[in-house]
Amino acid sequence: MTEKAPEPHVEEDDDELDGKLNYKPPPQKSLKELQEMDKDDESLTKYKKTLLGDGPVVADPTAPNVTVTRLTLVCESAPGPITMDLTGDLEALKKETFVLKEGVEYRVKINFKVNKDIVSGLKYVQHTYRTGVKVDKATFMVGSYGPRPEEYEFLTPIEEAPKGMLARGTYHNKSFFTDDDKHDHLTWEWNLSIKKDWTE
């Protein structure tokens, strides 16, 4: 079997797809408006209580609605945690390189908080480049979440790191945490090196 380098491919932009599907997200409502709606519908009241909790959410008015705190590459065979702090200096993060051994199975875990209002259609998008050429684009639907003091955690399905001599090397990733309303909650860049071994 011959080894092949990752090939660049073109995917339709999410905005173009939304246009073709004629999808329009529902208008944004404040948390207070949502809590006041359909008060006499018992099943909806229970659902909202499950989503929002019992009491009023006290939020810092200066905080963004969504705060992405960290990204972790979850890999059982890794010698230690592979975690990036997304609350600090994102420019410094661009200069760091994280290592994955070729062919290992891993998942991406994202920790985030919703601070004020319900957010609909959260998604994690990752563009991957090698020597300046886009070689992959992945979009993961994260879902809709209500505000709460605790962090939420999202795990992608299991993926396999590229393998083979031609696949080894450094990949530059541009990651986006966005939603149906096209709010850019966080955009960051980071590097991933695929190596023959963890300690190579």
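Positions of Cβ are set from backbone N, Cα and C atoms, glycine also.
Note that the structure is a prediction, hence the values are computed from the model and not measured.
These come from Swiss-Prot:
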REGION    1-40  region 'Disordered'
MOD_RES   Thr2  N-acetylthreonine
MOD_RES   Lys20  N6-acetyllysine
MOD_RES   Tyr23  phosphotyrosine
MOD_RES   Lys24  N6-acetyllysine
COMPBIAS  30-40  compositional bias 'Basic and acidic residues'
MOD_RES   Lys39  N6-acetyllysine
MOD_RES   Lys46  N6-acetyllysine
MOD_RES   Lys101  N6-acetyllysine
MOD_RES   Lys123  N6-acetyllysine
MOD_RES   Ser144  phosphoserine
MOD_RES   Lys174  N6-acetyllysine
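Positions of Swiss-Prot features highlighted on the structure.
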residue : record          : contacts (Cβ under 8 Å, 6+ apart)
Lys46   : N6-acetyllysine : none
Lys101  : N6-acetyllysine : Ser77, Ala78, Ala161, Ile194, Lys195, Lys196, Asp197, Trp198
Lys123  : N6-acetyllysine : Thr139, Phe140, Met141, Val142, Phe177, Thr178, Asp179
Ser144  : phosphoserine   : Ile118, Val119, Ser120, Gly121, Leu122
Lys174  : N6-acetyllysine : Gln126, His127, Tyr129, Thr187, Trp188, Glu189
